[in-house]
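What follows is a short report on a single structure.
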Amino acid sequence: MTTDNSVMFQASSLNRRNEKVQGLYRILFGLMTLMLVTPVLLILGTLVAKGGGVISWEFLFTPPTDGMRTGGVLPALIGTVWLVMTALLLSVPIGIFAAIYLSEYAGDNWFTRTINLAIINLAGVPSIVHALFGLGAFVLFFGFGTSILAASLTLAVMTMPVVIVSTRESLQAVPQAFREACWNMGATRWQTIRRVVLPNSVTGILTGVILEVSRTAGETAPIMFTGAVFFTPFLPQSVLDQTMALSLHLFVAATQVPGIAEEVPYGIALVLIGLVLTMNSASIAFRMWLRGKKKW
Amino acid sequence: MVSQSTIERPAAAADVQTRGAAPRIKLAVKDLTISYGKAVALKEVNLEVREHEIFGIIGPANAGKTSFLKALNRMDVFTPGMRVNGDIEFNGRDTRHLNNIYALRSRIGVVFPLPVGLPMTVYDNVALSPRWRGITNKADLDVIVQRCLTRAALWDEVKDRLDALGSLLSGGQQQRLTIARALSQEPDLLMLDEFSIAVDPVTTMRIEDVLKELRKEVTIILVTNLVQQARRLADRTAFFLNSECVEIGVTEDLFTGEVKDRRTRDYVEGRFG
């Protein structure tokens with residue numbers, strides 16, 4: 001080794017190799033990201049190219065006619081909004097409260113570990129199994145019949161783990177030191193949660209809700225047996241009514257209706273994605289507004 | 001100044017105070033043993049803290065100093081696995097069998113090794129505890145906030161940005177904010193746990209001056225790993241080592257007078273640790 005200054009800052013062969021390796025990894029990670037984005041762009045592109053033509057005010061705001069070959073998607077659009085909103089109303093409060101209990105109150109013992117395991121398993125249950133559960137429990141046992149209520153309850157049970165897990169994660173992300181500072185001042189657990197923990201985890205909780213909206217709106221199997229119908233020209237008047245839903249309508253239009261114009265299913269899919277994006281962008285905007293006030 | 005009488009403290013808070021004359025002994029600890037599962041953090045500690053003194057606790061890491069403070073504050077309730085045995089009397093009241101631990105904690109201010117500026121404005125950081133005990137009048141809160149920040153030697157630096165986030169102040173400022181927040185509890189007892197670990201020497205000296213002023217009003221327990229800091233501030237000092245309280249005495253005696261245990265002198269003179 002020499003300490004000659006002229007040599008000191010010259011790249012050694014090891015330096016050059018490290019730099020080359022790091023460059024390769026950078027390209028690899030970049031390519032993976034690109035691969036991730038490609039299907040999204042392809043799907044959206046195809047939908048817009050093939051289905052964009054049928055989108056009009058009339059398509060959005062009239063019921064299907066002529067055995068669903070023509071007309072619009074209004075009952076399905078409204079039905080999906082009903083289903084998503086009712087499911088959110090049922091699962092978000094329960095999910096958030098359960099997550100608060102698990103994260104802030106429950107000790108680490110076999111009981112809570114069992115609950116956590118159950119939540120993870122619930123998230124892994126296939127949606128068709130949830131559908132059969134919903135049929136047995138809500139439609140038949142509780143006697144709600146095939147209705148928005150039964151379908152939303154099924155969707156709520158299915159998406160609850162997402163809300164619980166994401167809420168718990170964002171609660172845990174709040175530094176423990178904040179809690180201890182409050183406890184040491186004589187605050188109860190709830191005062192601490194209310195003033196410090198929740199305000200600083202609300203953006204993360206909203207992310208879970210956004211995920212849930214997307215999943216709920218798109219699910220077909222759970223609602224097929226519990227509340228969504230093939231066709232009805234009527235808009236739902238209460239949660240005890242049956243309804244059409246965009247996801248099921250898309251499935252029906254794509255596979256069950258002979259002689260339908262090819263672009264109609266694409267149009268329905270586009271409406272579904274548009275609806276999800278609209279609902280999400282509202283909560284994303286809210287989240288960005290909150291994040292603008294990010295506290296630490 | 002808002003006098004005590006205009007501030008209504010919840011009845012529960014008064015619960016901890018003794019009736020009649022203030023006792024000279026603020027805190028009496030008898031046979032205190034703290035353990036986490038099978039690991040013993042502190043063994044059979046007996047000591048008394050007198051009113052209006054600065055009581056120093058020195059000792060290396062893992063000596064049980066922080067666990068000691070947690071036990072005084074009844075934090076064992078919120079700390080899974082922490083077990084506390086023995087008697088602790090605060091203002092003559094047994095705290096081990098207290099119904100309202102929240103009232104106890106609200107009478108004890110705590111400052112941590114690392115500054116904790118809560119993610120809210122400077123103003124809200126200091127107004128938090130008064131609000132929790134029911135003070136909502138803006139004028140009263142303004143007075144309390146200004147008084148506590150002034151006493152913590154922070155007012156001049158933040159008076160123009162009380163709306164700034166407390167968590168975005170510099171480390172030294174956040175530590176003084178933590179002290180101001182502790183003072184906003186109008187504590188009987190102030191416990192500082194190695195407060196100068198993340199603070200520059202100049203700020204440390206300023207806080208030390210603040211503490212010298214504060215002792216007129218509150219009793220202070222000062223846990224420190226800076227032996228000289230204990231010498232500068234503490235009236236009496238206890239030396240904790242390996243989960244034991246090795247020595248308690250007038251601080252200066254630990255440095256120059258008779259000591260019971262040779263390890264005390266070795267530690268304060270820097271021969272180990």
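Each residue, glycine too, has its Cβ placed from N, Cα and C.
For A:24-49 (among others), the entry in TrEMBL reads transmembrane segment.
Annotated transmembrane segment per TrEMBL: A:76-102 (among others), in sequence order. Here the transmembrane segment (A:76-102) has long-range neighbours at 60, 112, 115-116, 148-149, 151-153, 155-157, 159-160, 162-165, 167-168, 171, 193, 205, 208-209, 212-213, 216-217, 223, 227-228, 235-236, 239, 243-249, 268, 271-272, 275, 279, meaning same-chain residues at least 6 beyond its ends whose C-beta is under 8 angstroms from one of its own.
Residues annotated as domain 'ABC transmembrane type-1' in TrEMBL: A:77-281.
Proximity of distant same-chain residues to the transmembrane segment (A:114-133), defined by a Cβ-Cβ separation under 8 Å and at least 6 residues beyond the stretch ends, is recorded for 102, 106, 154, 157-158, 160-162, 164-165, 219, 221-226. The feature transmembrane segment is assigned by TrEMBL to A:114-133 (among others).
Annotated transmembrane segment per TrEMBL: A:139-165 (among others), in sequence order.
As annotated by TrEMBL, transmembrane segment applies to A:267-290 (among others). Here the transmembrane segment (A:267-290) has Cβ contacts under 8 Å with residues 44, 47-48, 51-55, 59-60, 73, 76-77, 80-81, 84, 202-203, 206-207, 209-210, 213-214, 217-218, 246-247, 249-250, 253 of the same chain, all six or more residues outside its ends.
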